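Below is one structure, written out as structure tokens; comments come after it.
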Amino acid sequence: MGGLTISDLVVEYSSGGYAVRPIDGLSLDVAPGSLVILLGPSGCGKTTLLSCLGGILRPKSGSIKFDDVDITTLEGAALAKYRRDKVGIVFQAFNLVSSLTALENVMVPLRAAGVSRAAARKRAEDLLIRVNLGERMKHRPGDMSGGQQQRVAVARAIALDPQLILADEPTAHLDFIQVEEVLRLIRSLAQGDRVVVVATHDSRMLPLADRVLELMPAQVSPNQPPETVHVKAGEVLFEQSTMGDLIYVVSEGEFEIVRELADGGEELVKTAAPGDYFGEIGVLFHLPRSATVRARSDATAVGYTAQAFRERLGVTRVADLIEHRELASE
């Protein structure tokens with residue numbers, strides 16, 4: 001088995017007519033038998049990456065090879081076969097059929113793959129026993145706890161013995177006892193030739209991982225001194241869809257704030273002159289930059305951490321930062 005190899009992956013989509021890149025140039029090698037944690041807040045690209053790995057979303061460029069097959073090139077019957085035979089997905093909201101019992105839910109992918117009813121039933125029974133739900137086989141989702149429903153979802157995901165397991169926020173909405181049950185189960189799946197990729201914002205899962213991929217940069221120290229940046233006319237200070245940890249105040253010259261459009265063009269949002277600031281939303285809410293900023297002329301900007309900028313502005317409320325109050329004089 002060749003494991004998982006991601007090379008220079010770029011995912012781009014249109015949001016309100018603008019081009020958004022939640023993933024931009026990602027590369028990653030994962031050995032068979034590994035558990036990979038994708039860590040980051042909402043909106044950082046975790047679910048987008050899972051969708052690409054599952055063959056649900058096609059990237060703009062780059063490649064994803066699993067077991068030495070580039071899944072970004074698969075189409076039609078070959079893509080359907082990959083999704084059915086190679087991938088198992090555990091959804092955040094369980095996605096169980098409420099009218100079916102736990103046993104019947106696990107049988108669904110088996111029957112869809114052409115497995116006989118008797119063989120599907122035996123396989124589903126074995127899997128539910130494996131996830132410690134042997135006595136809950138006849139229970140419907142509404143009669144089960146969140147942790148139990150999640151274990152049914154895991155059993156269903158591995159019904160066809162896929163070599164790639166994708167889990168999206170598997171501990172969301174679970175109490176600490178249910179979380180423990182699910183964590184043990186997920187760790188047990190990453191054995192042999194199987195690769196397990198889990199998207200989460202839950203740092204409690206980190207000790208389980210063989211590999212952790214943070215889809216946002218580590219936050220800088222709040223005590224980091226201001227950073228003065230000098231740029232020539234036409235040079236880019238930061239690009240749309242990238243992550244950042246500094247809020248910038250213009251001290252000299254002018255900057256253009258532009259948004260890249262889905263058709264490849266761009267739209268001028270505003271021109272920032274001395275005393276103006278920008279980049280606060282991404283920093284405060286841990287979101288990718290929503291626009292590209294480049295120097296309209298030779299210019300200078302000073303970058304502040306969120307805490308330092310609050311002090312610079314003379315406010316404590318986030319709302320005051322977003323509403324662009326006048327800067328306090330130094």
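Cβ atoms here come from the backbone N, Cα and C positions, even for glycine.
Noted in Swiss-Prot for the protein shown:
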DOMAIN    4-242  domain 'ABC transporter'
BINDING   Gly40, Pro41, Ser42, Gly43, Cys44, Gly45, Lys46, Thr47  ATP binding site
BINDING   210-330  nucleoside 3',5'-cyclic phosphate binding site
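Mapped onto this structure are the features recorded in Swiss-Prot.
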residue : record                                         : CB count, 10 Å
Gly40   : ATP binding site                               : 20
Ser42   : ATP binding site                               : 11
Gly43   : ATP binding site                               : 16
Cys44   : ATP binding site                               : 22
Lys46   : ATP binding site                               : 26
Thr47   : ATP binding site                               : 18
Pro226  : nucleoside 3',5'-cyclic phosphate binding site : 14
Thr242  : nucleoside 3',5'-cyclic phosphate binding site : 14
Pro274  : nucleoside 3',5'-cyclic phosphate binding site : 13
Ser290  : nucleoside 3',5'-cyclic phosphate binding site : 16
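A separation of roughly 33 Å, to the nearest angstrom, links the Cα atoms of Pro274 (nucleoside 3',5'-cyclic phosphate binding site) and Ser42 (ATP binding site).
Ranking the binding-site residues Pro41, Gly45, Asp210, Val258, Ala306 by C-beta neighbours within 10 Å puts Gly45 at the top. Taking the domain 'ABC transporter' (4-242) as a whole, pLDDT averages 88 in the prediction. In this structure the C-alpha atoms belonging to Ser42 (ATP binding site) and Asp210 (nucleoside 3',5'-cyclic phosphate binding site) are separated by 22 Å. A distance of 14 Å separates the Cα atom of Pro41 (ATP binding site) from that of Thr242 (nucleoside 3',5'-cyclic phosphate binding site). Rounded to the nearest whole angstrom, the C-alpha distance between Lys46 (ATP binding site) and Thr242 (nucleoside 3',5'-cyclic phosphate binding site) is 14. Put simply, Thr47 (ATP binding site) is 17 Å from Thr242 (nucleoside 3',5'-cyclic phosphate binding site) when counted between their Cα atoms.
If you measure from the Cα atom of Ser290 (nucleoside 3',5'-cyclic phosphate binding site) to that of Gly45 (ATP binding site), you get 14 Å. The closest partner of Gly40 (ATP binding site) among the binding-site residues, by CA position, is Ala306; the full candidate set was Pro226, Val258, Ala306. The CA atom of Cys44 (ATP binding site) is located 19 Å away from the CA atom of Ala306 (nucleoside 3',5'-cyclic phosphate binding site).
Under the DSSP three-state reduction, Thr47 (ATP binding site) is assigned to helix.
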